[in-house]
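Peer 1: So TrEMBL lists these for the protein:
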COILED    32-59  coiled coil
DOMAIN    48-117  domain 'Transposase TnpC homeodomain'
DOMAIN    125-168  domain 'Transposase IS66 zinc-finger binding'
DOMAIN    184-467  domain 'Transposase IS66 central'
DOMAIN    474-512  domain 'Transposase IS66 C-terminal'
């Protein structure tokens, strides 16, 4: 800040100082105006994003949420992130230069990725001040993620033939390496790439042929379909072995989803079913590896789960579908029901029915306990539930029974209450067994990849196509659950199978027994 003693006596210098001050004030006013404009734009953008968030929250639970394509939620969140970045970039551009805070949300670059170094150095190593030699006192290092688009190559196998000049013996030659597709074009790595692209990345075969065409490789969709079918034939024993391993577990999850299948005789699609059976003991410290097995069936008959789980003894955690009741009537299987499904019934009417809102509050108390005990031993989980959750469950039952007596028998509230009360034994089972989860969300997460594939591929070409889908999805999703790269695992496994891996040693090929690779 200037004081009078600091001002020059020369009028010309004073005029120059005034011009400079006026210029700086004008620049400051312009910056303020720019920032105010950017702030208004940001507020408008924030209002729009808040509207998106409100819509997501309204549809987070309840039956209505299940009518929404999950991709819509992903796209909404992507839009929020992109918009926030756009607003921040605009604000940064308007701000005066200042040290920028480190962006801590960039993600970490895995150590296993190849590092390609680029040295950016100065032109001269002589000091610009005195001419002396400069020496390195440090360096700045920045890493950026790069990509090399998928490249194809041709593996040429040469097998010399040998003949004997001394006699007329038959020529000799090393046998051809075993292949999944005898006499065909693909290596096992390429077949694995097709499978992962279709069933993990949800790229239909016709889109894959378009990708190959950009590389100058012409392949018919029918050719890729033949590779998928052959691979599924080789991999089916592994899926069956995995399902057998699951049935030896004391506790499983089960769910099902539709699988549209082309019905050639009728010229349209029919509705098949993909049944999912999952194991995940990590929440209570179990030692069995996580896994999921899918089984295709042309219908949703109640007999299907009994067929698939023949020989299973233990707890089966399911939603409210009556098709599992036959299993529950046996002495071998105990059904545990899903509190998440109970909650959805109340959520969709909570804004208009206080009873439903109160039920949600009490169910939320159960989930709060589960959050605290996740990862604990079965005994610790059971003890906490007996102390904290049992009183809530007992009180909730009394509350629902009393509310039902005062509620119209034909309304949605009565339906939601009856849904819970008629399944109360199965809903309460988690209180007495620390291995049981409060809901069946584990297997519902295993259903989502099937839904994405169904959305992109529309339908399977036949019942055989449904079987292929179930077999390959089983192995890919189980590999992912165990932190194993599905492409690396599939390529290696297909090579082993083609080389004659013993069917008596299939356990060695299970994803959890392979060397772990980064996803």
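Each Cβ is built from the backbone N, Cα and C atoms, and glycine gets one as well.
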Peer 1: In the same chain, which residue numbers or ranges, 6 or more beyond the ends of the domain 'Transposase IS66 C-terminal' (474-512), come under 8 angstroms Cβ to Cβ?
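Peer 2: That would be 178-180, 188-189, 191-193, 195-196, 199-200, 231, 234-235, 237-239, 241-243, 245, 280, 289-294, 446, 449, 518-519.
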Peer 1: How do the residues of the domain 'Transposase IS66 zinc-finger binding' (125-168) split into helix, strand and coil according to DSSP?
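Peer 2: Here the numbers are 0 helix, 4 strand, 40 coil.
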Peer 1: Would you mind splitting the domain 'Transposase IS66 C-terminal' (474-512) into helix, strand and coil residue counts from DSSP?
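Peer 2: Per DSSP, the residues of the domain 'Transposase IS66 C-terminal' (474-512) fall into 30 helix, 0 strand, 9 coil.
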Peer 1: Between 0 and 100, where does the mean pLDDT of the domain 'Transposase IS66 central' (184-467) sit?
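Peer 2: Summing pLDDT over the domain 'Transposase IS66 central' (184-467) and dividing by its length gives 90.
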